[in-house]
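Residues annotated as domain 'DHFR' in Swiss-Prot: 1-193. Per Swiss-Prot, the feature NADP(+) binding site maps to R7, 22-27, 52-55, 73-77.
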Amino acid sequence: MIKLVFRYSPTKTVDGFNELAFGLGDGLPWGRVKKDLQNFKARTEGTIMIMGAKTFQSLPTLLPGRSHIVVCDLARDYPVTKDGDLAHFYITWEQYITYISGGEIQVSSPNAPFETMLDQNSKVSVIGGPALLYAALPYADEVVVSRIVKRHRVNSTVQLDASFLDDISKREMVETHWYKIDEVTTLTESVYK
């Protein structure tokens, strides 16, 4: 099962143009929102998380209860978390495309002498970056989107394409939750099949 789990914040640029903030350097454009982090943990725990190198490098450390697979150029040094942790497995973009489109792949670890099989029975959460999410959407069984709204402008260095969210909205929404975080922040988590 392939599940997309991500969040974004609709905002405006300094020039007044709409944008969908996704990342800010090696962090989150909206800062730490406790409920968002709790929801993310609940949606990804017990799954194999697949992410790009920059997403992995933005993590403080390996997240407990989840395996980490990083899509990267294997000819370069392996990306690590802020604490210097290696991922459980590293794969190429080609292996990622093979997997999400229905194939099986062998994944190997820099820490272990064995290989393991990743197949369609594996519970996988794709968490970003945008290119990985865009590529996986046509094959995703479930999409979990968190929309974080701030009353003020949110700075970002990585944005989502609006057409990506339009494609998600064409799916059936099966669940939605709204949370008032504080006077300037709301969070809406929606699940699509």
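Any Cβ shown, glycine's included, is placed from N, Cα and C.
Structure coloured by features recorded in Swiss-Prot.
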{"residue": "R7", "record": "NADP(+) binding site", "Cβ neighbours (10 Å)": "25"}
{"residue": "G23", "record": "NADP(+) binding site", "Cβ neighbours (10 Å)": "20"}
{"residue": "G25", "record": "NADP(+) binding site", "Cβ neighbours (10 Å)": "12"}
{"residue": "G27", "record": "NADP(+) binding site", "Cβ neighbours (10 Å)": "13"}
{"residue": "A53", "record": "NADP(+) binding site", "Cβ neighbours (10 Å)": "18"}
{"residue": "T55", "record": "NADP(+) binding site", "Cβ neighbours (10 Å)": "25"}
{"residue": "L74", "record": "NADP(+) binding site", "Cβ neighbours (10 Å)": "14"}
{"residue": "R76", "record": "NADP(+) binding site", "Cβ neighbours (10 Å)": "8"}
